[in-house]
Amino acid sequence: MSESVRTNTSIWSKGMLSVIVAQFLSAFGDNALLFATLALLKAQFYPDWSQPVLQMVFVGAYILFAPFVGQIADSFAKGRVMMVANGLKLAGAAGICLGVNPFVGYTLVGIGAAAYSPAKYGILGELTTGDKLVKANGLMEASTIAAILLGSVAGGVLADWHVIAALVACALAYAGAVAANLFIPKLVAARPGQSWRLSAMTRSCFSACVVLWSNGETRFSLVGTGLFWGAGVTLRFLLVLWVPVALGITDNATPTYLNAMVAVGIVVGAGAAAKLVTLETVSRCMPAGILIGVVVAIFSLQHALLPAYALLLLIGMLGGFFVVPLNALLQERGKKSVGAGNAIAVQNLGENSAMLLMLGLYSLAVLVGVPAVAIGIGFGVLFALAIAALWIWQRRQASY
């Protein structure tokens, strides 16, 4: 069966569709669980400062396990790694349902997510190749964003009805992801027989970082995706602060709806990138990255809901068009140098470090009293300048 998968590189093959379904259910569970667990914290009268800590333990798991998850993904069949990782998520969600401390349960989900990510992206390069890889990434990103959109809404709606019911729904989503993983054919491990000593694995991760950062194309991809996802997480929190100030709306639903517009836009942008950008024309995505920052700055000046929706939809479209080709470039080049699993693990380390850094800077700005609108404008301008600098640097590297 694995042989048939290697010869059938269609993005509509059984193996590829199983990956996409598993990814949708897993991401659906991740996002529904976040809102369901936040509702649980409120119901159990945890202090407000505990809510961002919940996100931090999730992100921290990615950073802590980065030296190890890439080797795990490359040492075993990636479909089976995905299944075990979703099993960890299932255990974490089920534990929260059964009364385990929510921070402990959510940390277990974060560990599962950290192990899952290199395998889910690395397997794309084993199921398809070349320009089809960009299209496969488009499908993956589209399914992920659709799951983020639906999972967030479902988690919030179900939690308003019954918190435990929402948590059970999350566990069922993870169980469905485990079942979908069973339909992914068992492929040959990319790099079997590596050392499992912690010191050796840490050195291996460090070595992968050095190799990828020494290559102009992969360094370009790592910086671009890190900036994008760091900015994306920061924008989510910025919206919560910005809506009451700029729009005069104090409910909890409006920031969620605005975030949903970004998610819808990313689906559209990812689809456009799959059609218009190849591995040889990755630089086409860079103007979209610069425009993200420009549009964020313009968005921050709005005082009406309709233009805010439209601009966030545009931000999402630009984001999807920007990030999908960069992901594909890293997978293709990383697979040949350090293995796809190690490449994605290094990418996760960079992206999550960028998230912590940007959220830290954002929190500092809020702490010293910078107005929300000013934060948005400054954030947009700095992001546009950062992507422009990255593009200039990439063009200079390409000319050597």
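One is the number of the first residue shown, and numbering goes on along the chain from there.
Every residue, even glycine, has its Cβ placed from backbone N, Cα and C.
According to Swiss-Prot, the protein carries these features:
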- 19-39: transmembrane segment (TRANSMEM)
- 53-73: transmembrane segment (TRANSMEM)
- 91-111: transmembrane segment (TRANSMEM)
- 139-159: transmembrane segment (TRANSMEM)
- 164-184: transmembrane segment (TRANSMEM)
- 227-247: transmembrane segment (TRANSMEM)
- 257-277: transmembrane segment (TRANSMEM)
- 281-301: transmembrane segment (TRANSMEM)
- 304-324: transmembrane segment (TRANSMEM)
- 352-372: transmembrane segment (TRANSMEM)
- 373-393: transmembrane segment (TRANSMEM)
(request) With pairs restricted to those 6 or more apart in sequence, evaluate whether the transmembrane segment (352-372) and the transmembrane segment (164-184) have 3+ C-beta pairs under 8 Å. (result) no
(message) Test of understanding: applying the rule of at least three C-beta pairs under 8 Å (pairs 6 or more apart in sequence), is the transmembrane segment (257-277) touching the transmembrane segment (227-247)?
(response) yes
(request) Report, as numbers and ranges, every residue of the chain located at least six residues beyond the transmembrane segment (304-324) whose Cβ falls under 8 Å of a Cβ in that stretch; write 'none' if there are none. (result) 134, 137-138, 141, 145, 224-225, 228-229, 232, 235, 246-247, 249, 254, 257-259, 261-274, 276-277, 285-286, 288-289, 291-292, 295-296, 298
(request) Determine which recorded stretch among 139-159, 164-184, 257-277, 281-301, 373-393 has the most C-beta pairs below 8 angstroms with the transmembrane segment (91-111). (result) 164-184
(request) Return the stretch with the most CB pairs under 8 A relative to the transmembrane segment (164-184), choosing among 19-39, 53-73, 257-277. (result) 19-39
(request) For the transmembrane segment (257-277), could you work out the same-chain residues 6 or more beyond its ends whose Cβ comes under 8 Å from its Cβ atoms? (result) 134-135, 137-139, 141-142, 145-146, 148-149, 152-153, 232, 235-236, 239, 243, 284-285, 288, 308-309, 312-325
(message) Using Cβ atoms and a strict cutoff of less than 8 Å, what residues sit near the transmembrane segment (19-39) while being 6 or more residues removed from its termini?
(response) 51, 54-55, 79, 82, 86, 89, 93, 96, 102, 105-106, 109, 113, 116, 120, 123-124, 127, 139-140, 143-144, 146-148, 150-152, 154-156, 158-160, 163, 166-167, 169-171, 173-174, 176-177, 180-181, 184
(request) State the residues, same chain only, that lie 6 or more residues beyond the ends of the transmembrane segment (373-393) and have a CB under 8 A from a CB inside it; answer 'none' if no residue qualifies. (result) 220, 223-224, 227, 231, 234-235, 238, 241-242, 245-246, 283, 286, 289-301, 362, 365-366
